Structures are given as C-alpha cells and as structure tokens.
C-alpha cells in the first residue's frame, strides 16, 4: 500500500488522479475490428487471426504495493500473479499465460528473484496458466510488471448491469485489509488475515461460472467493494444498493476490529486486495455455487448520478484506496 | 542506456548477470499443451481455445533506457512501443495489441503522460496495432512496462539456424548507437542519428516476409548485431561468420565516427536499439526485398563453442550492451 504523497499542484498526475488520467490517455483507444473490448474494463478482448483472447496488465512498485520486509519473494510473486489472474476471472475467463517484467536493484540476492519467479509459477499453476516470457533490468526499487492473457468465450463487462438485477459476491472481503492493518500496527496475528494480505486466495472458480450463468456485469474487488462497484455503477449508468444484513463479516474481522478499534463492516466494504468477485445477474436467477446476493441494482433517480449505496444511503468515508492522494 | 554500476558481490543479480538469471528463473517454464514456445525467444507462442498468439514484454526504467532530458514523452512512447513491436516482427509475426504499465512521480505533468500515450498509439498505428489496456501508479522514477501481442502463423525461432545457411539483415545498424554517442558528448547533430536514437524505425515489413520466405532462425537487433546473433548461435548450436565487406556502413556513421573518434564498423557490429532483423535462410535462396546477405552459418569446430565470428576471427571488444556490468 502507498506511502501518502502530497499533491504537487495543478496539471500534475497527482492533481488529475489515477482514474482521471487513465481516462484521458485511453480515450484514443476504443474498439476496432481487432479490439472487441478496449481499455477501461478488467481486461481487453482482442481478435487474433484465428480466434480471440483477453489481456490485462498491472504495475507494482515496492513500498507502494508490497514491502520486502513484510512479505517473502514467494509471497510477492504469488500475490502479483493473483491480482492479474483475478482480472481474467472478472471477465468470466480462464487465464492461460503470464509475462513478467522485473526491475531489481543490482544488490538483490539472486535467490530472491528465483523465489519471486517460483511464486508466479505456483499461483499460475492454480488455474493451469504458465509464465511464458519476461524481462529483467536494474532499478532502484523493485518493480514488477505483470500481464495476463486468457480465454473468455463470453466476456462479462462492467457496463451490463440493469435496474432490477441482483448484486452478488463470491470470495472473501476485508481479510487483506485486516491483515494490512495488523501488520501496520506491528502485529503478526491473527495469522489468517496476515496470510490473506500476503497471499490472497481469489475465487478462481467463480468467474467462468458467473459468465455461464448469464452475469450481466462483473468486476474483481481490488480496491474495495464500494470503489469497484462504483465502476460498475458508472459504466452501467445505475445505482447499486447493498444490504449490510446480507454481507458476511467473517470471524477474523471481528477479532481484528476489536483489537485495533476498526469497524469490521468498513473492512468488508472498503478493503481491497482479496480479489473477490462482484457481479450482477438478472432476477430471479439461480446463482452458481459460492455466490451470495448482497444487494440490488436500481435506476438512477432523476437529477442524481450513478452511485453505490449502503442500505439506501451514501456511505460516509472513503470508498476505497487511491493512488496519489 | 544504463548508468554504470559496481557489482555488489557474489549471489546478487549483478553477479549472476541478466542473462544468467533469466535462464534460471525461466527454466521452470518450458512448453506445455498451451505454451507452444515458452520463455527465451523474442516472443512466446501461446495456444488459445480457438487459435494462437505470440506475446513479448519489456520493462524500461528512466535513466537506464531513456532520459527525459534527451527525449520527449512522445519519442519515449514511440521507442518503447517500437522495441516491443520489433519482438513480434522478429518472430515473423504482425502485432495486434499492446498493454502499457506506467509508473510516474506524482509531480509529473499530466500532459507528459498524455504525450507518452500518444507516442504509443502513433507507433502502434504504423503496424495497425492498438493499445488495449494499461495500468498507472506512482513511482520515484518513470517506469514503462510494455507487452505486445500479435499473430504469427509460422513463428521463426532463434534455434533453427543450420550449417550452410546464409545470414542476412534487414534495417539499419549502428544509427541509434551513433546518436547516443553524439548526445553523450553534448552534441545535437548529425540529426539523422540523433533522431534514430530517439525514435527507431524498425523494418516492420521484413519479419513476416522472412517467415514466408522460409527463414530458419530470426532475431531482432536490440543489444547489437554480435550480441544478438550470439543468441542465435547458442540456441542453434552453430557458428555464425560475418563478412565485414558485406556490411553496409551508412554515411552518417562515417561522419560520427570521424567527429567522435569512433570506429564505424564497431557501431554497426555492436550498436543496439535500431531493431533491425537478423535471420538465417537455407542457401541457395532468393531473399525477400530489403534483406542483405552478410555472412554464413557453419558447424561448430570440435572442441569449440557456438560463436559469432567477424571475417573468421573473434571480435575484440564487447559484443553489445549488458545490464549490471
């Protein structure tokens, strides 16, 4: 997670913010006869000479996305791979291949690099994918660039949610954030949440199943449930209303909440990096195993904007984590 | 190009070196039913549910691969894209899609980022490819991670060169190195080589044509002709012998050589980043337009190793540029 930075004034990336700038630099993108889904979703969908694939990329920087004193190289590799495999999961696809670009200081033990690579291979193996290429260079801090490719016969976008749909989630929420808070206070337990922060366990089984069940929109929860459903709400032009009574608050979150004085519900709503999936389905529908209904999709009231509500009201506080704030 | 670094001792990446470490971290890779060509070539070749694609990745770090005071954002974007599009070219393929991971300091003008993205789009457009995805994060120096994907119906590997083949090149050699030397001494001309260093013009027309003409091995010249043909020699288990009389030394290289006291032939043999192609073809063969025979492939003499020779002898000096030396 990021060191806090002061915004150095107008016209800088700090001023415009990550999402605003991504919008600006990708507006030239869009679709073409080769690009079926362009920038702006969990993954792009590209036509080849003989078929299609989906692709997504992430750039992780030491001190912002991981710390070498909090995680082993193996854990960092697994988590970086998981974050990307999750993007293909969120399109309703199955990942097949990863590439890894690695920048490391010249005094890095080569054993550290070998362990990192092992972490990538281990996590990729969970879904049957392989690391097929890489690049290495010297840099002052560790930088890990990951690109994942996969098959998605029926890619599920962020923009397909319709009023009347149900909202459902699969996978853990709030565990990684609880682990991060624990580490941040200098503790090493509860081990379950610390482990979850170090190596997430995305619900890889859930994405393709949701696509097959006709999910209308889907996203992975990398920045926080409210933040990521916000992307769905805006892309679909709808209001997403979550019912807190339907959200599961797992036992370790209650433990951490009590020990550290944190609101467990807030961890569930705003914690990122567990790589759960959130999707919308036409109602009534039979959801695939492991999916839980947690809310509904509604029309945007006249004069209002697409938004995510919690029990019908605006959530007070940050919806999720941002770069450069 | 890199700042010189002192190697900080045994067991570090500096000690093992880039290529040795890439070999170690990718040895677990290899091929599978999904991975037709794994790590170690210009690009990997991956099977999808319904076809195949090739993919390659690069990680570029400010101060090592580019300087913001020597190149505009547009130029850096074009060059980063070109280096990757060239990898698909070197497989005999045609690039279709790029992803870009970008790390920038928070005080970077957003206009700089927008120009960089424009550079990517411009270079991609030369071959009809598109930027389909990206990621942005804060980092202390600018980091650019590029992944390129494309179609290659008949990928040409590094390992197929056979004794008796001819060696041929397409595209410029030595121009970028001459431009770098010029900038390094504080000059801004000859403009032709400075421009070539800032924005290379890879022979995108040459890769697919060579594959169609039955090239037995191919590589792009990113690190220097001797260094890159060294990869072909080792992967194929052959000796490559270049004839200097067959190599073209373009006029601007003579100018720079004289002005800066550099050997123009050395620029041609060891200069990288023009992204020319070098390939081997069964002899006798009619080469595609724009390809020039510059040497031949021979058996490795008993007790000797695969190598690249110049007029039958070992080249004195560095074959190309290395990280961490």
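Cβ coordinates come from backbone N, Cα and C, glycine included.
Of the listed candidates (A:87, A:263, A:274), TrEMBL assigns A:87 to the same Mg(2+) 3 site as A:42, A:220. Residue A:87 (Mg(2+) 3 binding site) carries a helical DSSP state (H, G or I). Proximity to chain B (Cβ-Cβ under 8 A) holds for A:58, A:134 out of the binding-site residues A:58, A:134, A:222.
According to DSSP, residue A:57 (Mg(2+) 1 binding site) is assigned to a strand segment.
Take the Cα of residue A:158 (ATP binding site) and measure to each of the binding-site residues A:42, A:56, A:58, A:87, A:273: the nearest one is A:42. In this structure the alpha carbons, written CA, of residue A:134 (ATP binding site) and residue A:57 (Mg(2+) 1 binding site) are 13 Å apart. Between the binding-site residues A:56, A:57, A:222, the minimum number of other C-beta atoms within 10 Å of a residue's C-beta occurs at A:222. If you compare Cα positions, residue A:223 (Mg(2+) 5 binding site) sits closest to A:273 out of the binding-site residues A:57, A:58, A:65, A:87, A:273.
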